[in-house]
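A.B. asks: What follows is a structure written as structure tokens; I'll ask about it next.
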Amino acid sequence: MAEQVTQTAGTAPRTERAPEGPAPASNGTNGTSAPQAPPPANNATEEKKAPMNPAKKGIIGIVVAIAVVIALIFGLRYYHYSQTHVGTDDAYVTGDLVNVSPIVSGTLIKLTKQEGDIVKKGELIARLDDSGPLANLQQAKQAYLSAQSQIPQAEANLQYQIASTNANIQHAQAAIQAQNAKVQGARAQQDLTTRTLNSQIDQAQTQVTVAQAQAAQVESQLAGAQANLAAMQQGVTTDRHAADVAESAIESAQANLDKTRADDTRYAALLKSEAVTQQQYDVVHAAYLTAQAQLRGARQQVQQARSLVAQQQSAVKQAAAAVESARKAATASQQQVKVASAGVSLAQANAPSVSVQQNNVENSSNLATQAEADLATAKAGEQQVNARRQEIETLKVQVAQAKAALDSAQVLENDTYIYAPSDGKVVKKAVNEGAALSPGQTIVTMTTGGSVWVSANFKETQLRDVRAGQPAEVDVDAFPGKVFHGKVQSINEATGASTALLPPDNATGNFTKVVQRVPVKIILTPATSGDDKNAATAEDIANLRQGMSVNATIETADH
């Protein structure tokens, strides 16, 4: 029988041989069966024992080497990428949201915007029931109009009081002016008489004083002329003596000049024979020139002294003539003093006429005093005028208070209309019409502005090389295949845990160290003409929605 090969798991092939029997015939010509093929077990053993082809071994080695090189290249690239990039999937699209809420309480009667509606700044979003504020507004308006209506009547009363008081005052003032005019006339007459008398007396006394002063002046002039005459005579003597002294100085200067001239001549000769130096000759020559100047000065002094003597002699003659003229003037002044004294006695004899004018002044003054009393009575009406003015001021204060109440009521009524604070889109409606709202309760939540950004929470261990301005790439789960480019705008100054509603209290003793995460703000930039076709455009950025999950990667390598 033929051999059978069996193999079990984990063992080498095993051969089982069939029971032996008569060998079969070698060919089929004699009617016997055909020879059988060799057993398969023996062929397998022969294939395993056959040596491997060397070419095949080389190909396998090359493939393995290429695989190692490729793995090494990708490993190095991944290592370099991990050293120059940091990434996180704890990142979300975010933007500015605002909760639109009322500042007064009331019932919501109208909601004009729904979720997804686009709103413009100042557009009406909601309206509260304004029946109460509107009633208060109407009441405040009536109170304001009522307060205003009282002012015209009060002003009319004031004008009447002013006119009546002014008329009384003017009448009293006219009477005072008339009496004062009489008083002034009487006083003017009295003053005229007094001034005339006093003027006459003063004029006469002045004439006496002037005459006496003139007499004294003449006496003084006489004494001065006499003293001047003596001084002039003494000056003539002094100037003559000075002339004599100057003439003696000429003789001394002439002698000195003769001596210095001889020295100059002698030294000039010595200089030619080089017996003296130039410096010695210059000293002698300078002395000669000085002597010449001294002689000229002495001669000039003599001339001046002689001129002064002549002048003083002329002045002596004039002074003698002045003394004689002063004696004559003194005699005339004494006569004028006697005449002026007689004029004073005559003016004092008219003094009794002043008393009559004084009585007229007193009578007119009494009448003026009575008129002033009438004016004081008329001015008492000014107190009523002031009272009227104070009444008007009080009414104006009441009008201002009513106006303030009206403005306050108008503000409260206006506050029942809630408008959009900016351009944006409604993202959430918090209440429905008919809801009772309190101040600060959210009606709708809306976006402000059109820009969004990415808030990526990186581990604190990843932020060593992260800086503001570094480029970033963002993959949005909702837009697979799109690459959103951007840059780091800011790195938060606090971790997310420290700004949480309930920050962890590690001082309790239950401390487990956890790697903290720091929010990083990434601003998205639209693709430009040179960017990859998969780069997100401005339209793609506009399609982002706040809260979308993203993967953010920041390139920290320095360029």
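Keep in mind that glycine also has a Cβ here, set from the backbone N, Cα and C atoms.
In case it's useful when we look at the structure, here is the feature table from TrEMBL:
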- 1-10: compositional bias 'Polar residues' (COMPBIAS)
- 1-50: region 'Disordered' (REGION)
- 58-79: transmembrane segment (TRANSMEM)
- 137-263: coiled coil (COILED)
- 385-412: coiled coil (COILED)
- 451-492: domain 'CusB-like beta-barrel' (DOMAIN)
A.B. asks: What parts of the chain pack near the coiled coil (385-412), using Cβ distances under 8 Å and only residues at least 6 beyond its ends?
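C.D. replies: Answer is 104, 133, 136-137, 139-141, 143-144, 146-148, 150-151, 154-155, 157-158, 161-162, 165.
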A.B. asks: Could you pull the average pLDDT for the coiled coil (137-263)?
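C.D. replies: PLDDT averaged over the stretch: 80.
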A.B. asks: Based on DSSP, tally up the residues of the domain 'CusB-like beta-barrel' (451-492) by helix, strand and coil.
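C.D. replies: Split into helix, strand and coil, the domain 'CusB-like beta-barrel' (451-492) gives 3 helix, 24 strand, 15 coil.
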